[in-house]
Amino acid sequence: MRTWVLLLAAGSGTRLATAGLPDAKQFLPLHGAPLYWASARTMAHVAGIEGIVFVFPPHRVEEERARISALDDGSVLGLDWHVVGGGAARQDSVACGLAALPRSCEAVLVHDAARPFASPALVARVLSALHDGHAGVVPGIPLTDTVKETTDGFVANTPDRSRLVAVQTPQGFTLKALSTAHETARTAGWNVTDDAALLERCGIPVRIVAGEVVNAKITTPEDLAMLDANEPQVTVPCVGWGYDVHRYGEGRPMKLGGVLIPEGPEVVAHSDGDVLLHALADALLGCIGAGDIGLHFPDSDAAFDNANSAMLLDRVLHMTHEARLRLTHVDLTIVAQVPKLSPWRDKIRANVARLLDLPVTSVNFKATTEEGLGFTGEKRGIKAIAAVTGLRPMP
């Protein structure tokens, strides 16, 4: 299902303006970029997403288009993207985003830019439920507080908390269902606070999937503490080194850096055998002192049989994010007599940069041989070496 994201960043930030902030919340800085960029990077880590439509206040469209072009230098996102102006209300902004989607789009994720901490796993959960055939999907978390309905300042009713969830974004929809719901809302004059409510009113079932407590929305001045908590103040450099080997033989088609190498020999492996991503994952784990991939994804576990190495790398990246590692550079080397990799060098480099959310200029890829010596020279296998550098918060 061809899926795009509507990243809503068109709000005026009225509640935060009362705190004297000079800009709306979606433009506040986080990790050296505007808040909305964190969500864009998250979406880029999820397989199956083809592009993003950024929806900004109309007067910010050109400014933010230029800013995204600078941030995406070297195709950091690895996705198509467009920038459009929003409307006076949230529904209007979603409608503006829908109008900018390509004709090939079949499904859409609607996400609030003020939720910068949604994880790739959460996005993938929503996307998976869409692929299962649901027309609408929303993440939700159980309520921990008792909720009261009030009238004129007095308690009127206490709903059963066990039947309530607090919903979040991204919310996923088939394009047909969401477009129909918005058209019906315009005709009927409905005004709701999220897109799932439009489907409800149209009688279209909406599936709930597990949300994340950390996926909080930056709304009030008190919420700004979450941004401060995600900005390490003092960092120290760190280095990680990774090494992996696979032998040739009947097994898996060769993949390097997530790129299929059709002329390469098959490799014997428990997972999909991407020796380059395995070495890279080990190097990343080394940077944060978290062991190696054999510890986290043992070959004795059937769950990882033919596992997608890009998925394993994404799990490792989640660990590095939790450790607040800021990756700065990656240097990768393949040692193999065959196949010849020069035709694939740029594609491998670009894909690794996309997976790591780094500029291509921060990823180096080399291929060499051992001049006919050893098992690689005898065309019996392949080696990969990875070195990564980064910055971590000072202990």
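Heads up, the Cβ atoms here are built off N, Cα and C, so glycines get one too.
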Per Swiss-Prot, member of HIS278, HIS296 binding divalent metal cation alongside ASP244, HIS246: HIS278
Cα-proximity to THR369 (site 'Transition state stabilizer'), 10 Å cut-off, over recorded positions LYS25, LYS217, ASP244, HIS270: none
C-beta crowding around PRO298 (4-CDP-2-C-methyl-D-erythritol 2-phosphate binding site), within 10 angstroms: 11
Distance, HIS278 (divalent metal cation binding site) to ILE293 (4-CDP-2-C-methyl-D-erythritol 2-phosphate binding site) (CA atoms, angstrom): 7
Structural state of LYS25 (site 'Transition state stabilizer'), classified by DSSP into three states: helix
Check: same-chain CB within 8 A of divalent metal cation site center, minus ASP244, HIS246, HIS278: VAL245, ALA269, GLY273, ASP274, VAL275, LEU276, ALA279, ILE382, ALA384
Integer Å distance between the CA atoms belonging to GLU370 (4-CDP-2-C-methyl-D-erythritol 2-phosphate binding site) and ARG161 (site 'Positions MEP for the nucleophilic attack'): 66
